[in-house]
Structure formats: C-alpha cells, structure tokens
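Inspection log for the structure reproduced underneath, given as structure tokens.
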Amino acid sequence: MTLHLQAAGLACERDWRLLFEQLDFELGAGDMLQISGPNGSGKTSLLRLLAGLMQPTAGQILLGGKPLAEQRHALASILLWIGHAAGIKDLLTAEENLTWLCALHQPASREAIWAALEAVGLRGFEDVPCHTLSAGQQRRVALARLHLACPPLWILDEPFTALDKQGVAQLEAHLAAHCEQGGTVVLTTHHTLERKPSGYRELNLGQWAA
C-alpha cells in the first residue's frame with residue numbers, strides 16, 4: 001500500500017491534563033517528522049497514538065484515508081516501533097534478541113542479523129548476553145532492526161539516547177537514507193539533527209505545555 005498517514009483534529013489528555021489539541025498533519029513517502037517540546041508536552045503520547053497503541057481524546061488518525069483503529073493488521077505490516085526503552089531481553093544474546101524480535105514480524109537469517117549488528121558497530125558482540133553490554137550497546141542492538149528487512153514507517157522514541165558521537169552520525173545518515181528511498185520516519189529527540197532529508201519538518205508541542 002502507498003503510505004499516507006493523516007492526523008485530523010487530534011487531541012490527547014492524560015491524567016486529566018490536556019497535552020495537545022487540534023493537531024492536523026499528513027505524512028507520506030519520503031517524509032520525516034520530528035516531534036519536539038518540553039518534557040511532559042505529549043511527545044511520546046503522540047508517537048503512541050500514531051503507532052496505534054493509544055486512542056485519541058478527540059479527532060482521528062487515518063491510514064490510507066480510513067480510520068487507523070479499523071486497520072490494525074495493515075498498520076502492523078508497515079510499522080516498525082522502537083520505544084524509549086531498548087526493549088531487549090537481558091539474558092539473551094544480541095543475535096538471539098534480534099532473532100526473537102524479527103520473528104514477531106518477518107524472520108531474518110543469521111547472516112542478515114550479523115550484518116545488521118556490524119552496521120551498528122557491534123561486530124564481535126553477536127553471542128554476548130545483553131546484560132553485559134553498556135546502555136549504548138543495548139540501544140544499538142535495538143536499532144539494528146533498522147538495518148534488517150524493515151517496513152516503510154518507522155516510529156522512534158528518542159532513538160539517539162545513550163549513543164556516542166559516531167553512533168549518532170551513523171543513525172542520522174541511516175534515517176535520512178530511509179526517507180530518501182521512500183520511507184517515512186516519525187521521531188522524538190532532544191538532539192539537533194545535522195542531516196535532514198528533503199521531506200523533513202518539525203512539530204513543536206511546546207505551545208500547549210503549562
């Protein structure tokens with residue numbers, strides 16, 4: 001399907017507090033949307049809404065012109081979600097984690113998994129239990145999924161967390177390349193992006209912050 005994600009009159013309330021309202025935007029192939037704003041402004045909540053993990057207080061999200069809530073299967077087939085936490089199992093190795101994560105959507109070969117780990121600078125760590133890795137290395141294990149056979153829509157919550165300078169530069173380049181190849185990225189980050197695709201834009205939720 002051709003990716004077309006639309007937010008119409010979107011509002012979100014958490015703990016009796018309005019985070020944002022009347023949000024309208026559209027996303028398609030090649031777009032990158034950076035969601036910014038102070039802590040507590042609803043950045044993660046907006047990501048979760050777009051990923052179908054929450055329901056809006058008002059308004060709606062459309063996928064291909066149809067309500068997102070009616071298209072769970074279609075969304076799952078095009079979405080890669082990586083939350084703020086690495087989301088990996090400490091007792092599994094880096095390879096085992098990626099094998100398990102990929103099996104939930106599209107299984108990947110051992111060769112592909114090793115290549116993905118090499119792409120994020122973890123060559124030689126394939127058989128290392130993740131509880132022995134640093135926070136940055138654990139984050140890179142999670143981000144290695146972006147180098148496997150991936151769906152077009154990436155929704156990423158603070159993907160640069162715990163990465164060193166080289167890791168940040170590599171991830172920036174990979175996200176931009178994904179968009180330039182027709183993919184779509186929605187992300188939150190406090191990091192100032194140095195490399196932005198032509199379809200980049202920013203949505204600041206700060207105007208609703210108390």
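Cβ atoms are placed via backbone N, Cα and C, with glycine included.
Now, the feature entries from Swiss-Prot:
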type    : residues                               : note
BINDING : G37, P38, N39, G40, S41, G42, K43, T44 : ATP binding site
DOMAIN  : 3-205                                  : domain 'ABC transporter'
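With respect to Cβ neighbours within 10 Å, the binding-site residues N39, S41, T44 differ, and N39 shows the lowest count. With a 10 A radius on its CB, G40 (ATP binding site) counts 14 other CB atoms from all the protein chains. Taking the domain 'ABC transporter' (3-205) as a whole, pLDDT averages 94 in the prediction. Within 10 Å of the C-beta of P38 (ATP binding site) there are 12 other C-beta atoms, taking all protein chains into account.
Spatially close to K43 (ATP binding site) yet at least six residues away along the chain are I35, S36, G37, D157, T188, L205, judged by Cβ distances under 8 angstroms.
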